[in-house]
Amino acid sequence: MELLSALSLGELALSFSRVPLFPVFDLSYFIVSILYLKYEPGAVELSRHHPMASWLCAMLHCFGSYILADLLLGEPVIDYFSNNSSILLASAVWYLIFFCPLDLFYKCVCFLPVKLIFVAMKEVVRVRKIAVGIHHAHHHYHHGWFVMIATGWVKGSGVTLMSNLEQLLRGVWKPETNEILHMSFPTKASLYGAILFTLQQTRWLPVSKASLIFIFTMFMVSCKVFLTATHSHSSPFDVLEAYICPVLFGSASGGDHHHNNHGGSQGGSGPGSPHSPLPSKSKEELSEGSRKKKTKKAD
């Protein structure tokens, strides 16, 4: 009890927020990011036939969040590539995952208990990047709430918001896989986290930044580790969104029903024509019947 009272939550959170990310946590971030790249269809063949394109895709997976954040803030998009240590470390991870003999490195990091450790450490990096991105945006735009939220969001989402560009580098074009249309759990969590950190940065959330980093990191680590261990693609926010979204934005089925009724009312020729137009199937049957009559007359 004395130990628990001596080690308060504030001191623990402050110590946790001061833990350096390089090289251990950044290494885990690179491993998981490039591991997901190898899961993509055709990624292994691309690394054999076009290694430079594969390397560029790996760098996007590792540093795409920095590129997007610099683009939003009007800074050089290749600024982070001046960090030689991170580039060399990410390149070494890319080479080991794709070209290690007998896929030994890939098999080791894919082993589920080891992978869960890397996934947890990646979420530590994600939350820290959200907080740093919002602090950086606040330095340029003191009252730009939406700028801070957008910067923190892209910092946390990583390459997912650039998925279409990354697919083009692999020679794939799937516009239906746009992350904004179909948000995954990390993208949604990064958005909600960016809102929380923006409220804290602007003094609207009465909590210290270190405590918020610690609490949100524990939430992200718990959720992501559970989803990875159970091989689930669902989101913990689905239950909450199922209740809130119909209230705020209406249900999609109700809108479709109204649209169909509106189209059906315009389909008639007016109040004096209660019958709707014939469906396409009945028209085809009528045309087949007329053809049969013509053939009988010809016989």
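A Cβ is built for glycine as well, from the same backbone N, Cα and C atoms used for every other residue.
What you are looking at is a predicted structure, and each value in this text was computed from that prediction instead of being measured.
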Same membrane side for Pro41 and Ser208 per Swiss-Prot: yes
Overall pLDDT for the topological domain 'Cytoplasmic' (200-209), taken as the rounded mean: 94
Cβ neighbour count (within 10 Å, all chains shown) around Gly74 (Ca(2+) binding site): 8
The transmembrane segment (145-165) in contact with the transmembrane segment (210-230), cutoff 8 A, at least 3 CB pairs, sep 6+: no
